[in-house]
Structure formats: C-alpha cells, structure tokens
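Presented below is the structure to which this report refers.
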Amino acid sequence: MNSYLLAFKSGFGFLSTIPVGITMEGIDELMKKIFFYPVVGAVLGLLIGIVAYAGQLVFPGPVLAALIMGFVYYITGFNHLDGVTDMGDGFMAHGSLEKKVKALKDTTLGTGGVAFGILVLLAFYGSIRSVQEEGIAAFGSNLPFLMFASMFIAEVSAKQSMLTIAAFGKPLPRLKEQTYPGLGEMTINGATRKNFLIGFIFGAVVCCLPFGLIGLIPYLAACISALVLLNRSYAHFGGLNGDGIGTANEIGRITALIVIAVTLKLSLNGYLGGLEWTLL
C-alpha cells in the first residue's frame, strides 16, 4: 500500500473507532505524516456535522446536544477523555514534580481526574447548547447548517490542537524500564515544524470554507488553547505525554465551539466590524 494511503488509513484507526485496522507499520507511517491529523479530523467532522444537521431538524436542542456528544465519543472513542482524567489527577497531586508525574501515569482514577472529566463533559454540552441558542437569532432557519459547520470546524480544530501541542512540546523522560518510545513521544517526534505547517494550512483553509474568515477565529483559538495547556503541562510535569495530547483534543474542540458561540453573540451586537458570516 502507498505510504500516504497507509498513513491516512492508520489515522482513522488511531484517532477513531472506525474499524479500518491498524498495524505498527501503519502507526510509523502516520507519525511520519502526522499532518494527516486535521485531514482525518475533517472527515470525522463531516460525519459528526451530518448527524448535527439531521438532528437539528428533528430533536429539541438539549436532546440534540446530548446526542451529538454521544456520537462524537462513539466515533472517536474515550481515549482522549481518559487523558483528561489522567491530567486532572496529575494537576491535583501535591508535592514534587516526580509525585505529580507518578499521579499522571497512575492507572487508578482519583478525585482530580473525576472532577476534570465532569467539567470537560459539562463544558462540551454547554458549548453545543450555546451555539444552538446564539445561532437561532443569527441563522434562523439555517440553524441546521450552522450546527453542521460548527461541529465540522470543532473537529478539525481538535485534531490540529493535538498537532500544535505536540509540535511545540518535549516528551517526558522515559521510565527506566521503558526501552521504547510511547505513542505520546512518537507523536511529538513526528510533529516536525514542516508537518505542523502542512496540517495548520490545511486546517485553516477548510475552516474558512463554511464561514469565510470568521472560520479562522475558532480554529486559531483552539490552537492557542493547546499552547496554554502545554504551558501548564510543563509547569506541573516538566514535559508532555500522550495524556496531554489527548487533553488538547478535548479542550480544542470545546474552545472552538465556545468561540463560535461568542462570535455569534458579538456579531449580533455589531462588534465584529466588517466581518460577516457567509454560507458555503
């Protein structure tokens, strides 16, 4: 199989629950061509967006928000959310850097992890509902399209957030008994400046398709959220691992949706100047 096709296919095996099959050879190719992260995000975003569009025609807002969340985790899995809970345990641990790293890598779930997981899920739900509520006034009968485009942009932004935090991060030191790199370290090593730039440009272009330049606002905000998370990971752990990269995915998605909702509100109040919403 062509190396690019293998990397693209492996992206779905690595970033989603779609049963395409995945091998170590495929993972190696994906890490060499990690710019496929936002490409895979675009495909997943289309699927999620279609569900959001159809659901907006049928279900009440709160029900649809819950259904969208369910479909997102059905198609992407809970691995990234597991990273959120691990990061929460590490953030809440007291003591030295070593103790924090130990809590981060501990397989048991603590209070900090539970709290962080709940907060992220609540924020995800709230961000979807905010887009719905603010979008009614701005888009009216075109609200289903807004939901489609918002979920599409959010998923592309989530995957680019993973690429962003990996591109600017450095891996945590390996454990003494670990002789091979983990998936987090492999991701960081693969996120070269060239791969980051290719992925970033692709993501920026596709996020502009539904809304014009306004589509860049949530995309850039998600990337910035990844850098903020990286700063906190350095402060608490002295580096970055796969849990931090997975957390960037969840935070990036939520950040994009929140910024879309805020942008809608500001545009309705006339605070966006010459920027106008455009429909694909």
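Any Cβ shown, glycine's included, is placed from N, Cα and C.
Feature annotations, reproduced from Swiss-Prot:
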type	residues	note
TRANSMEM	4-24	transmembrane segment
TRANSMEM	34-54	transmembrane segment
TRANSMEM	58-78	transmembrane segment
TRANSMEM	108-128	transmembrane segment
TRANSMEM	136-156	transmembrane segment
TRANSMEM	197-217	transmembrane segment
TRANSMEM	254-274	transmembrane segment
For the transmembrane segment (108-128), distant same-chain residues with Cβ under 8 A (at least six beyond the ends): 64-66, 68-69, 81, 84-93, 250-251, 253-254, 257-258, 261
Recorded stretches the transmembrane segment (254-274) and the transmembrane segment (4-24) touching, at least 3 CB pairs under 8 Å: no
Listed stretch, out of 4-24, 34-54, 58-78, that has the most CB pairs under 8 angstroms to the transmembrane segment (197-217): 34-54
Distal contacts, the transmembrane segment (34-54) - CB-CB under 8 A, six or more residues away: 7-8, 11-12, 15-16, 64, 67-68, 71-72, 75-76, 144-145, 147-160, 162-163, 166, 187, 190-191, 195-196, 198-200, 202-203, 206
